[in-house]
């Protein structure tokens, strides 16, 4: 019996040993780790990795060009394919690196234990430990160890893609947070640093993606038509894949998912500038390029043929004028120089115009278009024909026979025609004069006799003359009808009566905002009642209003003696329609009638930041956490203007009265009347007309008219110090004889007494809420504020660095140099040729009236 038991025991142990060995050597049976706790770490030397459930993705370290990176790749794909790189622009210089959780952040440390990458979580619940986890879909997340709710992830790699879009990732905007998720190519095939190409969603009208090289558009995807992007006909429905476009109040994004997990599929922006869909077939073990965009080097090039022309690969030349249009420059057109595009043969007369139907078209660029998804193509045609500025219309969605309405009121650009047997493209209806419609019909009809032809021509001429005589009467009737409709739908239609009243060098066609009838604004504000007055400044008055549907608005009414003249007003109108960010005020429309010029904005319940910082009643309601969040929000909004929007925009009048607060105390930058658009390669500009608010102007701008992104950075620095101290830079005075806030803060900083500048309201609240006040966070804000107001522009950080410094707890922030003290200007006019210098020991006094107001964007 004893021998039998030994044999049994020996057999059992042998079986157990074999089983363990099989687990260790067989990948399918191996047990992988997909989480990293606060007590664990990954190092290059250990060669440890995290592997997702199902063993599809793996996170670890890799080396290329003698540099080390933390990244993610497909585990089962023999050809190593990277889909995400954490420290792409901050590689490790040697084989010493550690990934760990520190201070509720996921941190990558180099050989000297300095962070080179982290998750930028500024605050977390210290009582609840966090873990990093690699999910089955390839999302690398940070979460509370006891909470698996995806909506409450603290951080996730899906929000910060590099060059690859995986299934279930989203590419586009999170409107709640202002986060824009876009792709940036590798520098080269073996260099993962940020390359020259980006693939980013623009949402100004119909959302569409732009492939850009160093922020200059190279290719446009075309708008989403309910099935696919109209400019990517190759992206067809597949049996193993479902893709969708999400557009609601919370997000605008593209995503796809796999219905058959035996295939891997990804969208990648490669370093050569092509956006590709690649699918891995396990049986043949290769990545198959399903499609690549752009396809054609001519017709897929952004605005290849200029305005009012379309590209067709089946014609020679490939560029063709739309029917009813001729080349703008015949000589250049014959030389295959098409950038000038085409012009109308016959100008539109408003009444009597018609449409030509262009089939299988990639719709024109929609940044200047208006969209109404509630109506069909018939109503869309009526709306277009009643708007003298309408140049074309189309369906917004081609499913189920078509629905929705897109109307263009600007020139038509970047159009392409697809082959007659192509499944892509859609109908585009372009507005033509009656004479050009007739030419088309005659060309396609039978040859008629000369007598009949002359008769028809005479009839057409008589008809056109008769129509032209009735043009004013027709326009007046349309205006009355629009007024009636506008009373019911004041924000959904363009109103035409204001067009006749507006005169000046600016054309009505240049406006990109819905026009609101004067009568509607008068009713909304109760005839501009003083009870609805929100604020007043040099530009005029801001009123609160309420539309018939109950929507509250803010109306910025320029006075006839406004310091913001027609130039600034038109600048604001044309600029703000192109901007969309959670930290920018949303414009709803404008009203131009006679001498009246008004902008209509969303109404923000908490008015302007200065009413909280400097007002007696509201000041105590602004605790430190709210001040810190407001500072971060303004920084993100300014970063969007400088870097992340389609245009580089210099605000030039950033101040606390231009920071508005919504009901959730989210800050929104307003007032773009003085803003300027910079080219991507433009670093600074100068002007003889210095505008803005003294106290917020940088020295180089106030004295020499030189402005740049660093001018806005200076203004932001002043705002930061005002938020921390609760004191105005202008008119500041204290017993130590510092006559501006910057001098006061700088002196306290040098003496190591920086916390003395903190608003007493915050200090007084410590007894009831001691946990809210965080001295290190306050000191960091003061230091960043001083960095932003340094005297020399080249010493000031870019807003990208500012946002980075605010978001990191472990970053070593540089020590600031002295600020630019001289921020005021002599009250006397200076000869433009004269020069004057700023003396650090000299004070300037300006007899100039100023009023803090709510100033909508």
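Using N, Cα and C of the backbone, Cβ positions are placed for all residues, glycine too.
Checking 47, 606, 841 against Swiss-Prot for the annotation N-linked glycosylation site singles out 47. Cross-referencing 314, 389 with Swiss-Prot, the residue annotated as N-linked glycosylation site turns out to be 389.
Of the listed residues (260, 527), Swiss-Prot tags 260 with N-linked glycosylation site; the rest carry no such note in the record, though that does not show they lack it. Per Swiss-Prot, the range carrying the annotation transmembrane segment out of 367-386, 407-426, 427-446, 447-466 is 447-466. In terms of C-alpha distance, the listed recorded positions 120, 196, 389, 653 place 120 closest to residue 47 (N-linked glycosylation site).
When Cα-Cα distances from residue 389 (N-linked glycosylation site) are compared across the recorded positions 120, 196, 260, 653, the shortest belongs to 653. Cα of residue 196 (N-linked glycosylation site) to Cα of residue 120 (N-linked glycosylation site): a span of 25 Å.
Spacing of residue 260 (N-linked glycosylation site) relative to residue 120 (N-linked glycosylation site) is 35 Å (Cα to Cα, whole number). DSSP assigns residue 653 (active site, proton acceptor) to coil in the three-state reduction, outside any helix or strand. As a summary of secondary structure, the domain 'Bulb-type lectin' (35-155) carries 3 helix, 53 strand, 65 coil according to DSSP. Contacts of residue 120 (N-linked glycosylation site) defined by a Cβ separation under 8 A and a same-chain sequence distance of 6+ are given as 105, 155, 804, 807, 808, in order along the sequence.
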